[in-house]
Amino acid sequence: MTATTAPASDRLSDNRDFRHLFTAAVAAKLGTYLSYLAVPLLAIEALGASAGEVGTLAALATAAALLFGLPAGAWIDRADKRRLMVAADLARAALLLSVPAAWWFDALTIWQLYAVVFLAGVGTTAFDIAHQSVLPAVVDRAHLTGANARLVALDSGLGIGGNGAAGFLVSLIGAPLAILADAAGYVWSAVFVARVRTPAAPAAPRRPLVREIAEGVGHVMRDPALRALAFAGAVNNCSIQMFLVMLPLVWVGAGLPAYGLGLLLAAGAVGVFAGATAARRLRSRLGAGRALWAVGALAAPAALCLPLVGPGWGAWVAAAAWAFTGSVIGVANVVGISLRQQVTPDALLGRMNSVFRFLLMGAVAIGAAAAAAVGELASPGTAMWVGAAGMALQWTILFAARRHFPTV
């Protein structure tokens, strides 16, 4: 199973290849934050895009992940993951460079932005799946929890400051130049990925794509621990999305200031950072399975406090509850991703990660649709309570499968 795994390093900071991979992740994720904000702003300012057109831009990135996620996993397992990541970075850079170029020549159209967002979403899907799949070849499996803790902490750190930094840069230099900076970030990422050394994987026989996808799905569904992680993650993502979609409506309806909403969301990112930082120690003390379900059970009361958001103490209670919920997300992401990588053979890593990405992204889409339906049929507050109930109960799926999780 671990024939292609890199030798262990005593410390991650001594692992040259992990440092390059981490630096590449920083550059790529900063670029993604920039484009997430700058592309719709450019559509509005330069093209007078309507609300429907801006919504379509957001939907196309998710559509790319859902349409190409499962096939991407099979292609990644066939390919040199490092080269594929470099290609994905350079393709995203080229796509984004076309936007300021077209704007400069007054040739930019909404259809070009649609194409760029969708194709860049395909590249991001391939890059992210390959990144998670190449990590066990760069870091010994015994050190995966520590490596994933750093990567999840990076995500949460960017969640705290990334949007603000992106907004400042867009206001400082304008959306077209910010998109140019985004493209430069992807080129920078490609440079560092290219410097990563990975052992050559044994050549795998080519089989029909559908059969390879089915093998990846079967691997996740047949393994009780992976299956529990997948379904618990899907329930949690769907529930969180129901809460987040309705939160602005409830917040504004309560007459609360906009800056307070930003602070509440930032509190969640701080919680994720704290949880990611503590995850390695929790796993070493409790074991993977117990760490996952125990922190979920502890967070259940906090999840049920989230819909209490309102004027006065309600906003403070919701912010504290969201921070605590974020810490559970941080632990679950680090321990769950590490466990997935540790129990999956190298030859199936891409497909396993693609199945999880498909299920988790699909759950986000379902959660948004469910929030809209419940919000219309009942009320936004009711939709938030449904989401909170899902967050409070998702740990029971992991508890039911606890005997299938490793004790370390």
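Using N, Cα and C of the backbone, Cβ positions are placed for all residues, glycine too.
TrEMBL annotations: computationally assigned, not manually curated.
If you look up TrEMBL, you'll see 225-408 marked as domain 'Major facilitator superfamily (MFS) profile'. Mean pLDDT, taken over the domain 'Major facilitator superfamily (MFS) profile' (225-408), works out to 92 on the 0 to 100 scale.
Residues or ranges marked as transmembrane segment in TrEMBL: 21-44 (among others).
The annotation transmembrane segment is assigned in TrEMBL to 56-77 (among others).
With a threshold of 8 Å between CB atoms, the same-chain residues lying at least 6 positions outside the transmembrane segment (228-252) that come near it are 220-221, 260-261, 264, 292, 296, 306-307, 309-310, 329, 332, 336, 339-340, 355-356, 359-360, 362-364, 366-368, 370-372, 374-375, 380-381, 383-384, 386-391, 393-395, 397-398, 400-401, 404-405. According to TrEMBL, the transmembrane segment annotation covers 228-252 (among others).
What TrEMBL lists as transmembrane segment is 258-279 (among others). Through the fold, the transmembrane segment (258-279) approaches residues 145, 148-149, 152-153, 155-157, 159-160, 247-248, 251, 291, 295, 309, 315, 318-320, 322-335 of its own chain, all at least 6 residues removed from its boundaries and within a Cβ separation under 8 Å.
Long-range neighbours of the transmembrane segment (291-309) within the same chain, counting only residues 6 or more positions beyond its ends whose Cβ lies under 8 Å from a Cβ of the stretch, are 229, 232, 243, 247, 250-251, 254, 264, 275, 279, 282-283, 285, 315, 317-318, 320-322, 324-325, 327-328, 331-332, 335-336, 381, 384-385, 387-389, 391-396, 398-399, 402, 405. Per TrEMBL, the feature transmembrane segment maps to 291-309 (among others).
For 315-337 (among others), the entry in TrEMBL reads transmembrane segment. A Cβ distance under 8 Å defines the sequence-distant neighbours of the transmembrane segment (315-337), meaning residues of its chain 6+ beyond its ends; these are 132, 145, 148-149, 152-153, 156, 229, 233, 236, 254, 256, 260, 263-265, 267-280, 282-283, 288, 291-292, 295-296, 298-299, 302-303, 305-309, 391.
The transmembrane segment feature in TrEMBL is assigned to 358-377 (among others).
The annotation transmembrane segment is assigned in TrEMBL to 383-401 (among others).
Distant neighbours of the transmembrane segment (358-377): 62, 65-66, 69-70, 230, 233-243, 245-246, 249, 383, 386-387; these residues of the same chain sit at least 6 beyond its ends, with a Cβ under 8 Å from one of its Cβ atoms. For the transmembrane segment (21-44), the list of distant contacts is 53-54, 57-58, 85, 89, 92, 96, 99, 103, 108, 110, 113, 116-117, 120, 124, 127, 131, 134-135, 138, 150-151, 154-155, 158, 162-163, 165-167, 169-170, 175-176, 178-179, 181-186, 188-190, 192-193, 196: same-chain residues at least six beyond its ends, Cβ to Cβ under 8 Å. Long-range contacts of the transmembrane segment (383-401) within the same chain: residues 224-225, 227-229, 231-232, 235-236, 238-243, 245-247, 250, 289, 292-293, 295-297, 299-301, 303-307, 309, 325, 367, 370-371, 374-375, each at least 6 residues beyond the stretch ends and with a Cβ under 8 Å from a Cβ of the stretch.
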